[in-house]
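For 2-309, the entry in TrEMBL reads domain 'FAD/NAD(P)-binding'. What TrEMBL records for 34-39 is disulfide bond. Taken from TrEMBL, the feature FAD binding site covers 43, 106, 136, 137, 138, 299. The NAD(+) binding site feature in TrEMBL is assigned to 173, 174, 175, 176, 177, 178, 179, 180, 259. What TrEMBL lists as domain 'Pyridine nucleotide-disulphide oxidoreductase dimerisation' is 347-453.
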Ligand SMILES: Cc1cc2nc3c(=O)[nH]c(=O)nc-3n(C[C@H](O)[C@H](O)[C@H](O)COP(=O)(O)OP(=O)(O)OC[C@H]3O[C@@H](n4cnc5c(N)ncnc54)[C@H](O)[C@@H]3O)c2cc1C
Ligand SMILES: NC(=O)c1ccc[n+]([C@@H]2O[C@H](COP(=O)([O-])OP(=O)(O)OC[C@H]3O[C@@H](n4cnc5c(N)ncnc54)[C@H](O)[C@@H]3O)[C@@H](O)[C@H]2O)c1
């Protein structure tokens, strides 16, 4: 098993539970990007401001919040979530799960063969009886913008692990990392400028990015949309970012948040006939096409660059590797035990901005593009009784995209404060293909924000 991020750990765990022996190879920290430089530290940076905002939106509680964030306490709490970038806890879990761990850079060196080069240069050759799985994840992509690499830019790693808050931060990109880090650093006191070559959160329902852009501006950020970055220059303590609009943005640091690139350049893909530097594509059992022994899961497959979805793929992969090894039945029809079917139509994602964006399944545009006859149902979440009790002047919007021919929900998007916990109900509706007629019988409790479901159904009609 190459890579001990959340995905590698789960493939290994499932294969061990299935009766196999597993060696996990890790070159940095057991727990991967998610634990140390992505999901956990970013959410730890965001949560304190969200808690303060929640209190400030409720008269009575608002009066109790008299100060600003304690920045050092926020950073200290973030450090506790990353265990100060030490992986002892995760190593203990690996050992407890009966998985062997070898530290070093792993490379494919033959059929079912991996060679691990340790930090001191010693090598260990491992030959698998059944399978090799690759879950080496992804790195931040730094695009070819003139001067950018020489300007010593931050990537998501520096943004999530910074020990000090820069006075000003320019962010190139308009996706999830850019918007979340803009939200976090604004709350920590930086002057933030976000430079996006498109609108924000492209690929989601348009009203999501529009709401986030408006909110970032209200919170004090400068948001430049449809703006290309043309040149970046660092002079001493300052970075100058020239843009297509003619504006030059200056900041103490520049964060590049322009997507990911697969960690496959140096893992021996050429030895097995694949191209180094490419994403690794698989079938729905996570087996690499053309191989009976090579599997991949998680970010490296480019199916859905999310921890929960990678771990879902990992459960399928670990279980199917064990089943194929033991000769037990394989359940690889859509929605079977050994396939990651949901990757195609039911991927949930929360963007932890303020307001939050929670979505699953297809947007209206994506559904139409897929040839589905859709009806779009929109509703203002603030009109739901539970939302008005939750926060004074609650503002948010929900969209349900209905597949008219199949009478099921193809996608749902919620934008608003604290909508993240609404998402699992939507995921169940989409993945479960629950008929609209039956959803009427899933009665949301009064007065909760979940009553948005009732309002969406009433707007749809029956
Ligand atoms: C800033 C940020 C915030 C994010 N927030 C969220 C979030 O809130 N929710 C969410 O679901 N997703 C989030 N993501 C995405 C999430 O981090 C990834 O989807 C997830 O980490 C993928 O897991 P993985 O195991 O595939 O890869 P990784 O976590 O990257 O782990 C891969 C592991 O493989 C190791 N490795 C690589 N090459 C080798 C080799 N040759 N030999 C040995 N070991 C090797 C690496 O050192 C690493 O430990 C975020 C991403 C970023 C950048
Ligand atoms: N809360 C979460 O679930 C969460 C949080 C952060 C990251 N992630 C995952 O991590 C992945 C990476 O996030 P991300 O924000 O880096 O990627 P992204 O794909 O979400 O956004 C990339 C952004 O960079 C822009 N861009 C791309 N190339 C560019 C260029 N050459 N010049 C200027 N702009 C350019 C794109 O237009 C887009 O706005 C995502 O796929 C996401 O799923 C998830």
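Here the Cβ of each residue, glycine as well, is placed from N, Cα and C on the backbone.
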Contacting binding-site residues for ligand 1, chosen from 106, 137, 173, 175, 259 when the Cβ sits under 6 angstroms of any of its atoms: 106, 137
Integer Cα-Cα distance in angstrom, residue 179 (NAD(+) binding site) to residue 137 (FAD binding site): 22
Filtered binding-site residues, from 106, 173, 175, 177, 259, whose Cβ is under 6 Å from an atom of ligand 2: 173, 175, 177, 259
Additional residues around NAD(+), ordered along the sequence, whose Cβ is within 8 Å of the centroid of 173, 174, 175, 176, 177, 178, 179, 180, 259: 171, 181, 200, 201, 257, 258
Whole-number Å value for how far residue 43 (FAD binding site) lies from residue 177 (NAD(+) binding site) (Cα to Cα): 11
Inter-residue C-alpha distance, residue 106 (FAD binding site) and residue 259 (NAD(+) binding site) (nearest angstrom): 24
Spatial neighbours of residue 137 (FAD binding site) that are distant in sequence (at least 6 apart) but have CB under 8 A: 3, 5, 7, 32, 33, 263, 298, 299, 300
Least surrounded among the binding-site residues, given as 106, 173, 175, 259, when other CB atoms within 10 Å are counted: 259
Rounded inter-Cα distance in Å - residue 43 (FAD binding site), residue 175 (NAD(+) binding site): 16
Those binding-site residues listed as 136, 138, 299, and which of them has the most Cβ atoms within 10 Å of its own Cβ: 299
